[in-house]
Amino acid sequence: MGLPWYRVHTVVLNDPGRLISVHIMHTALVAGWAGSMALYELAVFDPSDPVLDPMWRQGMFVIPFMTRLGITNSWGGWSITGGTVTDPGIWSYEGVAGSHIVFSGLCFLAAIWHWVYWDLEIFCDERTGKPSLDLPKIFGIHLFLSGVACFGFGAFHVTGLYGPGIWVSDPYGLTGKVQSVNPAWGVEGFDPFVPGGIASHHIAAGTLGILAGLFHLSVRPPQRLYKGLRMGNIETVLSSSIAAVFFAAFVVAGTMWYGSATTPIELFGPTRYQWDQGYFQQEIYRRVSAGLAENQSLSEAWSKIPEKLAFYDYIGNNPAKGGLFRAGSMDNGDGIAVGWLGHPIFRDKEGRELFVRRMPTFFETFPVVLIDGDGIVRADVPFRRAESKYSVEQVGVTVEFYGGELNGVSYSDPATVKKYARRAQLGEIFELDRATLKSDGVFRSSPRGWFTFGHASFALLFFFGHIWHGSRTLFRDVFAGIDPDLDSQVEFGAFQKLGDPTTRRQAV
């Protein structure tokens, strides 16, 4: 049977045993990739600085997902929070990776077994002796089992009743840790940033899935609905399964890109909207103002800003700054962050405090403009010095640092002032090591960006797949000349006109 490459899956169309086999093999590949990728990431991951070199700066992709579900320790003796551990237990990062690889191997063997022993009695219709699947019943079984898993995850794993809980943090990504979560049954449970909604929604969805599964196991579909939706055709299952997958992919692309309780910034990095809205900058200024209100000096107030919070307020951590096709981690772009230099405050010769206008997300270059508290331009770095009126030299701009490594240091020479004004466009100023990884200075995206791009792209592709296979199954008789009510097996290539027994080919 000579099939073109895009039609090879027809070999399992009327073969339930081998249909199971190829799905088990697919599971083996997925689990094997996950375990192998986890081991690779653990081999290259540096856990020494969770503040300035967290997992998302290093381009880790599967470690954040393990951490989000409650894994924090390694058999190497380190913890994701920066401490050391003596007894990580079996469910460490390596334990999870190993279990996926073992599971992959078992699935591989099961797939081979089902490929060899494909003609099982369980697949045969007692009345006809031909292979057939009771698809509505199988749907009910799968719905019931997935409902049990969903309910169990929400009621036991997330709540900590039997499990570790999940990663929970504050709105600014400073105090994250794994903890148990109580279900949120009120209106607050619909807030995407409330962790309690994860528990309550899994419990509710799981309960619904269990009830719906029992319904589909006990109630047969009406004949007209069965025929109208082609419920006896395996391609109907394919079409509706693809619909479920692309819908889920669109949802998680949104929760990842826009942020939610399921995608903490400590594990996946900040979102672009936090830069656009000055989210961390506002919190930093609020803390400094609160310190000044308590009679702290400007230097003391800025020195109490957590380095972690200052690091979030840096454009290099914005996932929208990296191009989609710039390979590598953020550390390979602008370098490994070594330390916060402090907050620069610029002043003109009249003593006015000046603020550098920050670079918007989608600019690669941006004019250096310094404005006062009223938004009036007071200084800039001109493109044409001959026509300048507000140059740093003319206005007499100076800069002084508060907090960080340069706390109390001031500069008045124009070249240095302009250097720090340019860097202040990018948010808080950090010392970056570009030598270690031979970083090229071009911003990269974080795993948040990669995940969103991948899932949005595949969701679109799978949407078209759903339309394609849904159309094929609904209009099979039109497209292929096969009667939709035809129950007999069709041997592809046996007839000149597919499904028409009067056009049987002659054996050569």
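Every residue gets a Cβ built from N, Cα and C, even glycine.
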Feature transmembrane segment in Swiss-Prot, mapped to one of the ranges 21-36, 37-52:
21-36
Ranking 21-36, 140-156, 203-218 by Cβ pairs under 8 Å to the transmembrane segment (101-115), which is first?
21-36
Top Cβ-contact partner of the transmembrane segment (457-472) among 21-36, 140-156, 203-218, 237-252 (pairs under 8 Å):
237-252
Give the nonlocal contacts of the transmembrane segment (140-156) in its own chain as ranges (CB under 8 Å, at least six residues past its ends).
162-163, 183, 198-218
Intrachain neighbours beyond the transmembrane segment (21-36), with Cβ under 8 angstroms and 6 or more residues off its ends:
12, 62, 96-101, 103-105, 107-108, 110-112, 114-115, 118
